[in-house]
Structures are given as structure tokens and as C-alpha cells.
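**Q** This is the structure I want to talk about, given as C-alpha cells.
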Amino acid sequence: MTKPPLLVTCGLPYTNGPCHLGHLRTYVPADCYVRYMRRTGEEVVFVSGSDNHGTPIVVSAEEQGTTPRALSEQYHRHFDETFRRMGVSFDHFGMTDDPACHHRTQDIVQRLVDNGYVYKQVVNQAYCPKCKRFLPDRYVEGICPYCGKQARGDECDQGCGKHLEPGEIKDPVCKICGTKAEFRNQEHYFLKLSAFRDYLLPFLDNLKGTSNARNYAIGWIKDELHDWCITRTLEWGVKFPGRDDLVVYVWVDAPIGYIAFTEEWAKENGRDWKRYWCKDNRVTHFIGGDIIYHHCIFWPGLLKGAGYGEPYAVVASGMVKVDDHKFSKSRGYVVWTNDDYLDKGLPADCLRYYLLAYTSHTKELNFSWKVFGERINNEVVNILGNFLYRTLFFAHKEFGGVPGGSVDPAILAEIEKCQKSVDDQMQAYEFKGAVDTVMGLAAFGNTYIQTNAPWKLIKTDRAAAAQVIKNGIQIAKALCLLIEPVMPVKAQECWAQLGYIDRVAAHRVDEGVVIVPERQIPAPAPLFARLEEKQIAELDAVLQQRVRDADKKTEKTPMISIEDFSKVEIKTGKVLAAESIPKSSKLLKLQVDIGGETRQIVSGIAAFYKPDELVGKDVIVLTNLAPAKIFGVESNGMILAAGDAASLLTPLKPVEPGTKIR
């Protein structure tokens, strides 16, 4: 039976700022996967586009004195060009503000209405009396009702990460003018997401992709599934059918963009787009780990309600840190793709390698210039580049090219073993494992050449030296074929140095065992240049200056009097028990002895400590904080910690629980 085609999509970059390392964590692995799968004989279509709607773009456009459409077009062109420079080769890269996306969004929303999955409801929405406007999503900031942290109107981005519906945020403030907002009634439309609970659980059990996406979504659904408000009071966006005063929520039209972009590609290429979105499709979404909820719960529910096929797989990446700090544009912990990397003349292939080889796709990637330089020099230059150059140089110098004859069976067996392992890893979305396997073959080649020393052997046995080089050339060919999805530009350069005149990407990845014929080859040149310490230091200096500049811009905390400070009660405590909170990847529930009583405290440190690590640990507790419910769990106090990594404050010497901090 013929397999259905593979349609691969990437989460859409938002057109209100330039491309950075966090974006590439999604797009480079997706491109690597697409390149590999095509070269196994699969029919693959690769689409994405820019996300043009929603309040952040409207706010940014107003701040910059331009229109949302002009701002979107500016950054759409930027992303399109940047992805090309990074070797990310989409078949189609569209815009969600294009007519095709408007049409498909309104069609799907109308289907949901007709099928009874959408209803009207009056909600309390933040309203600015000064601006005389309702404040959807990021037009308003305030306090998260679940964890008490600073939050945006649609999401608690600084705390528990929970999606917020209109009217939920506490102490709302207008982001435009800073005026305290009030709540007023307004009619909106909701998707009956709760109606899909019985569908979503078995769907997730069968969903392919990475386990982090599947498990996170299952945790949400097993508790309570809330309906979603799918309209906003904005002029910019896709109009809700029959309502000129409302647009659909950006998380409705953004994923529908995947379908619209497929339609546009199909129209350009004489294909039927419905073939890629039928019931038995293989739609595979590559996304960042922060949008799992939208792609594994909201999106499949929406598709089901509208009568479309469900996603086949969701591949979610881990988050990105910079120099051990949480990725943050406002705090300066960001690496810009163009300004900091490509425009400095650094090879796109080396950054692709780092992103794929640093860690497993689902784990956190911590970028530092120092480690980047070390890995490129020690792995790419010293192992891969060294083997390819020394082998090709010797072949050209001593034999004028590739010697004739056969390849040792043991060498072919090693190549076949490598090809099989790479395929297993790629099919499982384990890109680091695949890269490590390829680099293992390069290391094997280096050891083989070093052990057999053809530069010595040729003095006494030219035929034996020729056999060693023949074997080395065969390994080099296999490496070219296997590394192409990771480093497409350098793989093509190597392919030409092997004497081929076509594209390496036109060949199957398993052709590494097809013998390289006897022929002349051009004089090779080193494929990779070492990154000098001075260059790395200069790149790092730019980052550190950016952090310092951001610190200067940070608003200083106002001074307080000793009387104000005396109102705060801080004591030592000892953790008696700790456990995870269902559905939250950030929060732990702790039982803490503070001297004479045990307090239950919810703390956002789950990303840094396992529950059993905390039991018995001495901590510092703010004890007279008003009780609050966080994620539905009562919290009576606050554990004090320092920095983005939540380093717990603890006494240097043993003290009794309940000792006051003075």
C-alpha cells in the first residue's frame, strides 16, 4: 500500500521582530528532517509562513508609527530571506494575512458554527476609559489569577504559563496609556473545546512525534478542558463570519495557515491540496515547546469539529537558554541570526550543526559562544574536516584521484551500520543521535587512516596504500551523503571535491555503499576553518554588552524605608515534603516547617529541582505573604531564590526552623 505524502510544517514566526536563535531551534531541525526524508524516497512537502495577526503586531505598529500590514510585510521578507540564508528550504512560505488564509479561516469557522461547536457568550473584558477601547490580549497587563505573577492579557508568561481567557486577569492596566482598566460586558464567541475531550485522549495516545508534546497535552486533558474564546475586539485580523466588529483569535487563523499555505503551494504546482489534509494524512508539525497546548489540544479539536483530518505527528523542541540564562530579548540574553551571526561572515552550516548536535531535540539548549567555538573546532574541524581533507589531499597528490579496485567488506559493513543507525535516529526525531552517529563514522575514518598510515605504506607497497585511500574515499562519500541534511552547503562542496558534478541532495542517503569509481578529482581545499579565540571573544563581548545595556534600561526598584521593610517577615524553614502539581511543569507543592507550624507553599522551581532533592533542605521563607491559590492549590508563603536558575537561598550554618532573618 502506498504511503500518503508527508506534509511538514513549522510554527509560524511572528512578524513583529527579527529572527533569533529561538526561532532556529524549530526551523533547522525541521529542514534537516525534510531533507533526510526526501532522500529516503518519501514524497515530502514543506510549508510554513509568517504569523501576521494578533495584538502584539498592532501594538508594535502603533508604537512604530506604521500599519500592521506594512510591519508584517517588512518582517515577512526578513524571515523569508533569513531562512534561505540558513539553508531552510520551504516549498512555500506564505502570510496569514493573505487572501487564501482569510478565506480558509472563515470557511473553517463557519463549518464549526454550522456543526454546533461555537456559541455566543457575554464576557467581562478589560476596557480603558481613557483610550475608550476594549483591551484584548496584550493590550492589557496585570496579575495572573492562578499564580499571582505579572501576566499578559492572554497568557501568564512570567509565571505558571497558563492560557488566560478575556476577563480573567486581575488588576488590569492598559498597555497603551498605563491607565487602570475596568471590566465591561461584551459579546464574544467560544469554541466548545470541552466537547472534544473524549476524542482528544485517544487521539493523543496515537499521536506520533516527541513524547514531551504528547505527555504534556494528556496531563491537561485528564483534568478539565475549558472552552476557548475565539474572537477578539480588533480591526486587524480575519473577520468572524457575520461580524464586522470582531476578528478571530490569532490562534485560530495561525494554524489554519498551514492549510492555506498548502493550498497556495498546490495551486502553484498543479496539485490537489486536499490530498495532504485528508483523513489518512501524515501532517507533521514542528513547533517550540511553548505552544504544545495549541497544537495538541486546541488545533486537533478545531480540525475535528470542522471535518478535517487530524495531525499525524507533533515534534516539540526544548527551550533555549543563553549563557545559562532564560532566553530574554528585554534582558539582552538573545542571539540575533543576522546581526550576531550571518552578517559576521560565519557559515550557516556551523550554526545548523550546533543546533542539531548540542542536545536531544526535546531538551533545553544552552547557547554560549565559548561552547560553540569549542564544538565547531573540536568536532567539525578536527574530526570531520580533518578526515575529509587529509584523505582527498593524499588521493589527489599520490594518485591523481580515486584509485581503482574494490572496497574492503569491513568498510562497507561499517558504512551500512552507520546508515541504519542514522535512519533509526532520524525516524525518531533524535537529531543529535543522528549527528553523533555520522561524526562517529568520521572518527572511524580518521582512526583508519592514522592506523594504516598510507604516507608510509606508499613507500613500500603502493597497491596497499591505494587500497587504504580507496576505503577512505568510500567513507568520505558516505559522510557527504549523510551530513547533507545537517550541513547542506559544505556537503555539496565535499561532493564536488569527490569529483561529482551533480547535486548531493539528488542521491539517496543510503548510497554510501555504492562504490566510488576510479577517476580524477580536483585539488581539495579544507572545508572548514577554525574559529579563533579572539573571534569568539569578540562575539561574546557583543552579547555581554547587550546584557549590560539592557540592565541599564531596566527600571530601578524604588527605595523603601526601614518601616516598610519591617513589615516583611522572613524566617528559616525546612522542607518536609515536596511533590509535583498536575498539569504544571513549573510548580511544586512544598510542606515547610517554619517553627511551630507547617506551611503549604507553592513554588515555581520545578524546572530546577526534583521533589526528592528538596526534602530536608533548609530554605528561606517569606512568611507573612497573604494566602493565594496558585493552579488551584493554596499557598501560604514564598520560598526565596535567586536568578533565572532559581538558586535557593539557604543558611550557611545550621539554624532551627522559624529563626527570623534580621
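Every residue gets a Cβ built from N, Cα and C, even glycine.
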**Q** From the ranges 13-23, 145-155, 156-166, pick the one that Swiss-Prot records as motif ''HIGH' region'.
**A** 13-23
**Q** Which stretch does Swiss-Prot mark as motif ''KMSKS' region', out of 76-80, 326-330, 516-520?
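**A** Comparing 76-80, 326-330, 516-520 with Swiss-Prot, motif ''KMSKS' region' matches 326-330.
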**Q** Within 8 Å of the centroid of the Cβ atoms of Cys144, Cys147, Cys156, Cys160, which other residues of that chain place their own Cβ, given that this set defines the recorded Zn(2+) site?
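**A** The surrounding set, listed in chain order, is Pro145, Tyr146, Gly148, Lys149, Ala151, Gln158, Gly159, Gly161, Lys162, Ile630, Phe631.
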**Q** Would you mind reading off the Cα separation of Lys329 (ATP binding site) from Cys156 (Zn(2+) binding site), to the nearest angstrom?
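**A** Roughly 17 Å, rounded to the nearest whole number.
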**Q** Could you tell me how many residues in the domain 'tRNA-binding' (564-662) are helical, how many are strand and how many are coil under DSSP?
**A** 7 helix, 41 strand, 51 coil
**Q** On the DSSP side of things, how many residues of the motif ''KMSKS' region' (326-330) fall into helix, strand and coil, could you say?
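**A** Across the motif ''KMSKS' region' (326-330), the residues distribute as 0 helix, 2 strand, 3 coil.
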**Q** Could you say whether, by DSSP, Cys147 (Zn(2+) binding site) belongs to a helix, a strand or a coil region?
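**A** DSSP assigns Cys147 (Zn(2+) binding site) to coil.
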**Q** Starting from the Cβ of Cys147 (Zn(2+) binding site), draw a 10 Å sphere and report how many other Cβ atoms land inside it.
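**A** Summing over all protein chains shown, Cys147 (Zn(2+) binding site) has 24 other Cβ atoms within 10 Å.
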